[in-house]
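**Student:** Structure incoming, see below.
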Amino acid sequence: MIQVLLVTICLAALPYQGSSIILESGNVNDYEIVYPRKVTALPKGAVQPKYEDAMQYELKVNGEPVVLYLEKNKQLFSKDYSETHYSPDGREITTYPLVEDHCYYHGRIENDADSTASISACNGLKGHFKLQGEMYLIEPLKLSNSEAHAVYKYENVEKEDEAPKMCGVTQNWKSYEPIKKASQLVVTAEHQKYNPFRFVELVLVVDKAMVTKNNDDLDKIKTRMYELANTVNEIYRYMYIHVALVGLEIWSNEDKITVKPEAGYTLNAFGEWRKTDLLTRKKHDNAQLLTAIDLDRVIGLAYVGSMCHPKRSTGIIQDYSPINLVVAVIMAHEMGHNLGIHHDSGYCSCGDYACIMRPEISPEPSTFFSNCSYFDCWDFIMNQNPECIVNEPLGTDIISPPVCGNELLEVGEECDCGTPENCQNECCDAATCKLKSGSQCGHGDCCEQCKFSKSGTECRASMSECDPAEHCTGQSSECPADVFHKNGQPCLDNYGYCYNGNCPIMYHQCYDLFGADVYEAEDSCFERNQKGNYYGYCRKENGNKIPCAPEDVKCGRLYCKDNSPGQNNPCKMFYSNEDEHKGMVLPGTKCADGKVCSNGHCVDVATAY
């Protein structure tokens with residue numbers, strides 16, 4: 001049981017009201033100044049943590065007392081959360097900061113069922129809360145030896161540009177399916193019963209323009225990214241989706257792609273970079289690029305219905321506003337497209353509020369998805385089955401004490417289907433998080449009607465010759481761990497060697513780049529990799545293209561022979577300014593008998609792994 005802590009904010013009886021002030025959010029025309037005083041009610045002798053698990057604030061807004069309940073967002077970071085930036089000479093620097101005792105909270109207002117809150121308590125209180133249908137922002141004032149905070153409505157922040165800001169996605173409901181009436185747009189109890197929370201493992205990427213905009217202050221950028229992720233996590237909880245930040249990458253020395261105002265170009269380049277670079281070194285489900293470049297006529301763009309795709313599970317967001325809430329809503333919107341959600345039409349509603357999936361950003365940013373969005377999202381999940389977001393964090397990976405009713409299976413729990421009011425799992429006792437009498441299991445790929453699946457039932461299909469299928473044991477609800485054949489084991493009749501569950505060979509890589517009737521080129525074509533220029537090199541060091549040694553030429557740029565109709569190109573290669581890595585021979589590819597490519601070298605398979 002989490003000890004609930006009581007914190008009071010003491011204000012003057014008549015809080016100061018100002019007419020205009022410049023804050024981080026911009027020029028604010030009407031605001032209140034409050035002076036928080038923190039009083040913590042802890043048991044005698046208890047050690048106070050730096051950031052409590054739960055807090056309660058009492059404050060006055062517009063002269064009326066309100067009570068703000070806050071709980072630490074313990075699903076914000078994954079246990080393997082990492083941060084990457086680059087030294088001035090281009091060296092990749094990756095760290096794994098401790099994130100257990102962070103300072104990011106979600107909450108609500110007492111006696112206001114529609115209220116929400118997303119607050120950072122790192123240095124004072126900063127964030128937003130919705131009260132009686134209106135959005136308020138709070139932030140500490142930068143005054144020496146003062147705990148003064150400003151509270152103000154979003155509508156009182158001066159907007160630099162009142163022109164509508166659009167999402168770049170042009171698909172609409174007409175490109176999807178016949179429109180269903182709003183009353184039909186529901187997810188059935190059966191869907192929820194067998195499909196509880198999904199888990200999106202998110203990586204945020206910050207471009208060089210944002211680094212420059214923030215005067216190379218990486219700590220400031222990190223704090224902003226944490227606050228954005230906290231709000232996105234809050235928004236998606238109501239869609240039964242947990243968004244966990246698993247990584248942050250800051251292009252501190254230079255952009256890793258060419259970031260252009262043309263949003264389609266930049267999104268394509270970012271997707272290719274994610275596929276060929278980021279995914280090879282960081283496991284995640286979705287990546288979003290934040291840029292300070294002014295995108296042409298749009299503030300965001302994403303692929304639709306693309307979650308889990310190596311290239312297209314991506315979006316780009318312009319750092320359009322200093323207000324974190326605004327940018328977080330744009331991010332939630334673009335990620336919504338990745339989850340199969342289209343722009344709202346006139347049939348769609350989210351009560352009295354504007355909805356997140358409007359084609360243009362609303363005058364007041366909304367934190368609510370419409371009924372159409374809810375249906376769209378779960379229709380995509382149920383029918384397209386994006387498998388990467390199904391994996392639930394292991395109980396030992398969750399950085400928090402176990403809490404029955406949060407829909408996360410934690411240490412000491414046999415099941416967790418949410419609160420008794422919301423539980424749709426016939427196998428689980430929601431009050432105790434224990435299995436009901438006669439039940440062997442309550443979830444898992446090897447659980448059918450509360451019983452373990454029969455031994456030998458396939459629970460994970462083979463993806464290649466190097467990735468055998470997994471089968472249920474008959475003794476557990478969980479599918480056995482995904483295992484691959486040993487790296488270096490011959491595959492495809494000795495045309496290749498296994499590498500991380502795949503059998504990479506040049507023929508398949510040529511096919512992926514150019515289509516049918518394209519094959520591995522003759523050896524003479526690969527000799528061009530000794531040039532050390534854009535169409536021939538083995539690897540890059542400090543931004544320089546390193547020519548291949550004669551014995552390594554088949555581990556540089558890929559050359560293919562095009563025999564397709566109307567083509568006669570014996571040395572065809574692929575090169576793109578937006579992604580120089582695309583078109584290179586993949587790691588683990590056979591480069592000679594008994595040898596594979598590793599970091600631009602052709603090395604003995606016996607010593608490569």
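Any Cβ shown, glycine's included, is placed from N, Cα and C.
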**Student:** Where Swiss-Prot annotates a disulfide for Cys503, which of Cys491, Cys525 is the other cysteine?
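**Tutor:** According to Swiss-Prot, the disulfide partner of Cys503 among Cys491, Cys525 is Cys491.
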**Student:** Which of these, Asp277, Asp285, Asp467, does Swiss-Prot list as part of the Ca(2+) 1 site with Glu201, Cys388, Asn391?
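**Tutor:** The one candidate that Swiss-Prot places in that Ca(2+) 1 site: Asp285.
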**Student:** Let's check the environment of Cys350 (disulfide bond): how many other CB atoms sit within 10 Å of its CB?
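**Tutor:** If we count other Cβ atoms within 10 Å of Cys350 (disulfide bond), we arrive at 20.
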**Student:** Pull out the disulfide-bonded residues from the set Cys308, Cys372, Cys415, Cys602 whose C-alpha sits within 10 Å of the C-alpha of His343 (Zn(2+) binding site).
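**Tutor:** Checking each Cα against His343 (Zn(2+) binding site), the hits are Cys372.
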**Student:** Say we define neighbours as other CB atoms within 10 Å of the CB. Which of the binding-site residues Asp285, Glu470, Asp482 has the fewest?
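**Tutor:** Candidates: the binding-site residues Asp285, Glu470, Asp482. Fewest Cβ atoms within 10 Å: Asp482.
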**Student:** Using a 10 Å cut-off, grab the number of neighbouring Cβ atoms around the Cβ of Cys597 (disulfide bond), all chains included.
**Tutor:** 25
**Student:** Say we define neighbours as other CB atoms within 10 Å of the CB. Which of the recorded positions Glu201, Glu334, Asp467 has the fewest?
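**Tutor:** Each of the recorded positions Glu201, Glu334, Asp467 was scored by Cβ atoms within 10 Å; lowest is Asp467.
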**Student:** How many whole Å apart are the CA atoms of Asp482 (Ca(2+) 3 binding site) and Cys466 (disulfide bond)?
**Tutor:** 11
